[in-house]
Amino acid sequence: MGPWGEPELLVWRPEAVASEPSVPVGLEVKLGALVLLLLLTLICSLVPVCVLRRSGANHEASASGQKALSLVSCFAGGVFLATCLLDLLPDYLAAIDEALEALHVTLQFPLQEFILAMGFFLVLVMEQITLAYKEQTSPPHPEETRALLGTVNGGPQHWHDGPGIPQAGGTPAAPSALRACVLVFSLALHSVFEGLAVGLQRDRARAMELCLALLLHKGILAVSLSLRLLQSHLRVQVVAGCGILFSCMTPLGIGLGAALAESAGPLHQLAQSVLEGMAAGTFLYITFLEILPQELATSEQRILKVILLLAGFALLTGLLFVQI
């Protein structure tokens with residue numbers, strides 16, 4: 001109504017309609033990132049498998065191949081350590097705090113740390129159940145009943161289950177293979193959430209920025225994951241399959257995020273944060289009780305291994321710093 005009681009005229013402004021695009025902002029960027037991430041991560045996952053398989057075909061190069069793989073794995077261990085402490089944990093804590101704040105929930109109980117602990121104990125319980133079942137079905141070996149904090153011995157290694165895959169003498173394959181599967185699962189789950197972060201973006205510039213950062217991050221992580229799996233007594237075909245699975249997770253998250261961009265709410269974010277916290281807890285266990293102890297257990301080239309470990313940590317730290 002006007003100031004004197006007469007009805008106001010409704011004025012149609014074309015610019016108001018034109019300002020509402022029918023296509024979500026950044027959709028072409030998301031689709032392009034989906035394809036690029038799939039191809040780049042797949043290539044980076046399969047390159048170590050192909051290189052080590054070709055070099056492993058020459059038995060004379062086995063000894064040098066073992067040492068090279070161990071050194072490169074130390075570099076990958078630094079990448080995983082930085083991923084755990086500087087990427088997974090901060091992302092999880094920020095996401096769950098934001099979800100709780102959006103729901104106006106105030107807790108005195110340390111829920112964030114409790115979820116991390118549940119992910120940690122999940123892997124611990126799974127490993128103990130696996131070891132208990134293995135001991136009941138076959139005569140226990142002294143090396144198989146060692147504590148989970150124990151590391152592989154410093155004895156010689158031999159090539160097993162195909163070229164390019166070292167197996168330490170006396171080291172049980174079941175826990176190592178289980179830890180490898182948990183590692184792939186935790187990284188895959190986190191990759192889905194990283195893809196969701198891109199898919200849920202409504203700003204074109206921000207979506208493009210996240211895509212470029214993920215291209216670098218996932219490329220390095222894919223190489224590190226393949227190197228880690230090659231030391232877990234898994235067949236080449238299994239390692240390649242894990243690489244393909246890992247490569248599909250971030251594009252899957254981008255697709256889901258683009259589809260759910262309009263319906264995402266605080267409850268969805270809280271559920272996502274809980275799953276991400278469980279994944280971070282499992283990754284915490286794998287990093288500190290599997291990757292680092294195994295790489296630093298032997299007495300050969302200790303200083304060089306530490307330098308490579310720090311180099312891997314510094315590389316991902318610099319990448320995360322550039323993202324900021």
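Yeah, the Cβs are placed from backbone N, Cα and C, and that goes for glycine too.
Keep in mind that what you see is a predicted model, and the values were worked out from it rather than measured.
In Swiss-Prot, E28 shares a side of the membrane with D97.
Outside the transmembrane segment (273-293) by six or more residues, the chain places 77, 80-81, 83-84, 88-89, 91-92, 95-96, 99, 112, 115-124, 148-151, 176, 179, 182-183, 185-187, 189-190, 193, 228, 309 with a CB less than 8 A from a CB of the stretch.
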